[in-house]
C-alpha cells in the first residue's frame, strides 16, 4: 500500500443526495406557547396547599381561567360541555325563563287528495259543500247529493232530485251532524236523515225562487233566497215559518249564525252585509230591524266567517270588482281592517286552534291563501285548482279543508296542522285516507 494514499471507510463519505441546496428542517413554533406549557406542567407538580377560599372567589377564578386559557386544550379531546357563563345583562336573570319561540308550522303546498266532481255547478251564489260534525262530507253535483263517511271511508248517494225541482242549490248540516238541509231551485227545502237515508220533511212557502243559502241555529233553519228574503223556520212545528228578515233587495248568497247563536250575518248580491239579532227570529211580521248594515264592499258578499276566539269579530269577503277581506266589530259596527287580496274572495274559514284565516279565490290564480291574524301577513298560498275555488268546508277536528271549484275537482288540504296527539292515529285514517279507494265522486 502506498504510504501517501489513505483509504476512507464508506460510512465516513458524504451521502449522494438526489436534491441539492437542502438544509436541516427547522419547525415553526410561533403558534406554540412554551411559557404556558411550562406553567401547566410545573403547576401539576406543586403540592396542594389548603387555604380558606370563599365560594364566590372559587367561581370567579374558575371563570377567569376559562376566559384566559381558552383554546389551550388538546385538539379533538373528549371533555364535558363547558358551563355557560352568567350574562352581563342584568335583565337576563337566572330566575327568568327566556321567552320561547314557537317553530313555524310546516304547511304542505300540495293537496292530499284530488277527486273528480263532475256536474259541480260553477255558480258564485250557491253553497254546495259542507262537512258535518258527524264527520260526513256532503257535496251537491247537479240534481244529486253525495255523502262520504270519513269514519268508515264509505260513500253513498243521499238523494237525486226530480228534474222539475232541481238542481240542488244549497246544503247544510245540523249542528249534531245527523240531518242535512237541501235547498232546491224550485224554492223548496228538504230535510234528510242520513242515518236512515230518508226524507224527514219538506219546507215550502218561504221563498218564491231558488234557495241558495242555509244556516242552522239549533232547531231554527234559516234560509236565504234569490228573492232577497231571509226566512226562519222552526222545524219542530207544522207551520215552520216563524219570522222573516227583509233587508236585501237581491239574492242572499251567504248566511252564517255566530257560534253563540245570538247574531246572524247575511251577505247579498247588492254588496251589502247585515247583522241580525236572534231575538227577532220569531216575529209575527217581517222585520227590517237589523243591528248593523255594512255597505263598504263594492261587489257581492258571499264569504262570511265568525271568529272562534273573538265572539264579536266577523270576516267578510267581496266578489269580482272588490277582492277585499274586511273585519267587523259586530258590537259597535266598526270596520277594524280591510285587506286587498287582488282577486275575487269566494269563501273564508277560521282556524279552530290558531289565529289564522283561510281564503279561497278566483281569477287569476284560483288559489287558497292562509293569513296570519291580525297582521294579515301571508303564511302560504295553495295552488292546484284551475278555476275559481267557490266552496270550502272544514273537518270536525279543524285540520283538513275540502275545497271544490269550477274545474269540477274536489281537493283535500292539510292546511291547519296535525290533529291533537290523542286523535292523531284516528285522524290519519279518517282524513288522509278518506278517498283512498275512489277517484271520482260518481
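Each Cβ is built from the backbone N, Cα and C atoms, and glycine gets one as well.
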Segment assigned the feature region 'Disordered' in Swiss-Prot (from 85-104, 105-124, 125-144, 145-164): 85-104
Cβ-Cβ under 8 Å with the repeat 'WD 7' (384-423): same-chain residues at least 6 beyond its ends: 105, 107-108, 110-120, 122-124, 126-135, 137, 139, 150, 177, 344, 346-349, 351-354, 356, 358, 360-363, 366-368, 370, 430-432, 434-435, 441
Close approaches to the repeat 'WD 3' (206-243) from elsewhere in its chain (Cβ under 8 angstroms; 6 or more beyond its ends): 125-127, 169-175, 181, 183-189, 191, 249-257, 261, 264, 266, 268, 276, 278, 280-283, 286-287
